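Visitor: Got a structure for you, written out below as structure tokens; questions coming shortly.
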Amino acid sequence: NGAVPGERGKQDKSVKRGNWGNQIEFVLTSVGYAVGLGNVWRFPYLCYRNGGGAFMFPYFIMLVFCGIPLFFMELSFGQFASQGCLGVWRVSPMFKGVGYGMMVVSTYIGIYYNVVICIAFYYFFVSMTRVLPWTYCSNAWNTPDCTGVLDRNLSSRAALNLTLLNDTQKRTSPSEEYWRRYVLDLSDDIGNLGEVRLPLLGCLGVSWVVVFLCLIKGVKSSGKVVYFTATFPYVVLTILFVRGITLEGALTGIMYYLTPQWDKILDAKVWGDAASQIFYSLGCAWGGLITMASYNKFHNNCYRDSIIISITNCATSVYAGFVIFSILGFMANHLGVDVSNVADHGPGLAFVAYPEALTLLPISPLWSILFFFMLILLGLGTQFCLLETLVTAIVDEVGNEWIIRKKTFVTLGVAVAGFLLGVPLTTQAGIYWLLLMDNYAASFSLVVISCIMCVAIMYVYGHRNYFKDIEMMLGFPPPLFFQICWRFISPAIIFFILVFTVIQYQPISYNDYIYPTWAISIGFLMALSSVICIPIYAIYKVCRSDGDTLLERFKNATKASKDWGPALAEHRSGRYAPAFSPSTESHLEVQPLQPEKGRSEAAAASPMQGSNGSAHSQDSRL
């Protein structure tokens, strides 16, 4: 388990902050965090668009050289210090703004991510019926352009062109009209908020209550919940895959998904998409990995965990592609069109294309319930960590006994604030704002944060120091491959992702709607709001540091603080051996290793009555 020989007697538990009940809880929580909605609704689409099976090659190259190293770095960073995304920056206080940037990003994502979960809750509830409400075009919200795949008056010619949109035929599916005209009641502009959609607001309340109850006791409660939320989605995926693979046309869809187009392997965009997908899918620079690892025992083998979790995440993405494209292939076969005409991504896949395909199956409400229940669980696994990241950062930063005892109320406060900030996203223009946040709040800012984190740890704190820290924690230094990746390869790939993101930038749009300039400006401000924390705090820290010259202040601001290192006093050996001062003691948790032995030593050291009646210490002669 990575424990250092000769330290078996140590407790290796933080009574003050708490730890995971066992290592399985941490692994399942991290898998639930990394495996989210993007694995289902983004990766399969990227794969078929970028050369099918050929996309797997750059995808796994980026996983090995960027994904796993960054994952290991963040896990080891949080585990060594046993602190959240703010407390870990005692390693170099000037860069604490990186931690604040992570908090801002997690706040944005946490707000809109739960709105997506609430929409999945809504579809889950309305699927509990004999006939799915988006099956036919005979509802009050449908238009004359609506043509359903199961409409009885559907001619063979109409069926042939069912999903083709061109100038002469403006066909819309019943699932699309249900999504746009009933669930969202979509307004015509992002500035026209309209009214709050009360069913969505109710489901948003339900999703926040579920998240709060699962985190009511921090990792002690969420660690038990993940036994279900992190494993059951795989059960549902397997059920859907077994059902989908038996359908006519399923193999065509899967071949469309996997058939390699090797000519695209030389396209820079394919490599850029692979690197971006790995980076965003694993949740790097969100602060969640650091937070989850901070509740590990000090000697836990996070090197092993990082490899297991990263590979599980990517394997899930590939597996989800089989599930999605087997059903889409069946739908394309039923309509007599190419798979590319029914394939989609994002909300369009989750709430339009896939639900429409499910209406073709016998007992369609059952498959719909399973699908949306899977989406709910995938979303909740990520949402747990986003909320815990914010709560842990606040509690660790304040750090006194009172706030530790009242951590449940901090969790409640953050959940209530998240609910209130999510209310505008349940209005008629809510989907515009949701996509705006998704595209800007957590895009290039994550890349900048991750790049600065690598530089701060490897070049400011020093790679030799960090490698020694890991050896002290795990009992062995990081393998040479990871040392090279951390210092050179991973930062270079992150910089490549940043350049690629800038070059490939296109203003956001939603179907035919083009966002106005003022909305795009708000998007850029959201992106900058997390990055700007880094220089602002750096300037503040340099100004507050000791020193007569600017250079001295700068050196003192970047130098590791005295309380940097393992949280428990029993683990502070070598250069971390405590030379206690009041400020240092306040951040360390001292625990009796062997209470019985401690009492006997205290008795031995207590004053004893001498033969002449004078009291003296047994150690006075020393």
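Just so you know, glycine gets a Cβ as well, placed from its N, Cα and C.
Automated prediction, rather than curation, is the source of TrEMBL annotations.
Pasting the feature list from TrEMBL:
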TRANSMEM  26-44  transmembrane segment
BINDING   G32, A34, V35, N39, S281, N313, L378  Na(+) binding site
TRANSMEM  56-77  transmembrane segment
TRANSMEM  98-125  transmembrane segment
DISULFID  C137-C146  disulfide bond
TRANSMEM  198-219  transmembrane segment
TRANSMEM  231-258  transmembrane segment
TRANSMEM  278-295  transmembrane segment
TRANSMEM  307-332  transmembrane segment
TRANSMEM  366-387  transmembrane segment
TRANSMEM  408-434  transmembrane segment
TRANSMEM  440-460  transmembrane segment
TRANSMEM  480-503  transmembrane segment
TRANSMEM  515-540  transmembrane segment
REGION    577-622  region 'Disordered'
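Each of the listed features needs to be described in terms of its position in the shown structure.
Guide: Counting only same-chain residues 6+ beyond the ends of the transmembrane segment (26-44), those with a CB under 8 A from a CB of the stretch are 20, 75, 113, 116, 219, 222-223, 226-227, 229-231, 233, 257, 277, 280-283, 288-289, 292-293, 295-296, 300, 305, 308-310, 312-313, 316-318, 320-321, 323-325, 345-347, 349-350, 374-375, 378-382, 384-385.
Within 10 Å of the Cβ of N39 (Na(+) binding site) there are 24 other Cβ atoms, across all protein chains.
Beyond its flanks by at least six residues, the transmembrane segment (56-77) meets 30, 47, 88, 91, 265, 270-271, 274-275, 277-279, 282, 284, 289-290, 292-293, 302-303, 305-307, 309-311, 314, 318, 450, 453-454, 457, 469-470, 473-474, 478, 482, 485-486, 489-490, 493-494 of its own chain at Cβ-Cβ distances under 8 Å.
Long-range contacts of the transmembrane segment (98-125) within its own chain (CB-CB distance under 8 A, at least 6 residues past either end) are made by residues 37, 84-89, 183, 199-200, 203-204, 206-208, 211, 285-288, 290, 347, 350-351, 355, 368-369, 372-373, 375-376, 379-380, 382-383, 386-387, 389-390, 393, 418, 421-422, 425-426, 430, 433-434, 437-438, 441-442, 445-446, 449, 452-453, 456, 526, 529-531, 533-534, 537.
All protein chains shown were included, and the count of other CB atoms within 10 Å of the CB of C146 (disulfide bond) stands at 21.
Counting residues 6+ beyond its ends, the transmembrane segment (278-295) has Cβ neighbours under 8 Å at 17-20, 26, 29-30, 33-34, 36, 38-39, 43, 59, 62-63, 66-67, 70-71, 74-79, 81-85, 87-88, 99, 102-103, 105-106, 109, 219, 302, 310, 313-314, 317, 382, 385-386, 388-389, 392-393, 442, 446-447, 449-450, 453, 494, 497 in the same chain.
Long-range contacts of the transmembrane segment (366-387) within the same chain, counting only residues at least 6 positions beyond its ends with a Cβ under 8 Å from a Cβ of the stretch, are 29, 31-33, 35-37, 39-40, 106, 109-110, 113-114, 116-117, 120-121, 123-124, 127-128, 132, 207, 210-212, 214-215, 222, 225-226, 228-230, 232-233, 236-237, 239-240, 243, 283, 286, 288, 291-292, 350, 354-355, 358, 411, 414-415, 418.
Sequence-distant contacts of the transmembrane segment (480-503) (same chain, at least 6 residues past either end, Cβ-Cβ under 8 Å): 62, 65-66, 69-70, 72-73, 268-269, 272, 275-276, 279, 443-444, 447-448, 450-451, 454-455, 457-458, 463, 467.
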Visitor: Determine which residues of the same chain, besides G32, A34, V35, N39, S281, N313, L378, have their CB within 8 A of the center of the CB atoms at the recorded Na(+) site, and list them by sequence.
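Guide: My list of surrounding residues reads V31, Y33, G36, G38, G283, T316, S317, G381, T382.
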Visitor: Given pairs 6 or more apart, does the transmembrane segment (198-219) have at least three Cβ pairs under 8 Å with the transmembrane segment (440-460)?
Guide: no
Visitor: At the level of the C-alpha atoms, what whole-angstrom distance separates C137 (disulfide bond) and G32 (Na(+) binding site)?
Guide: 38
Visitor: Ranking the recorded positions A34, V35, C137 by other Cβ atoms within 10 Å, which is at the bottom?
Guide: C137
Visitor: Which residues of the same chain, at least 6 positions away in sequence, have a Cβ lying under 8 Å from the Cβ of S281 (Na(+) binding site)?
Guide: A34, G36, G38, N39, F43, N313, C314, S317
Visitor: Compute the C-alpha separation of V35 (Na(+) binding site) from C146 (disulfide bond), stating it in Å without decimals.
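Guide: C146 (disulfide bond) has its Cα 35 Å from the Cα of V35 (Na(+) binding site).
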Visitor: Below 8 angstroms Cβ to Cβ, which residues of this chain, lying six or more residues outside the transmembrane segment (408-434), approach it?
Guide: 110-112, 114-116, 118, 184-187, 189-197, 200-201, 204-205, 208, 211-212, 215-218, 347, 387, 390-391, 394-395, 510, 513, 515, 519
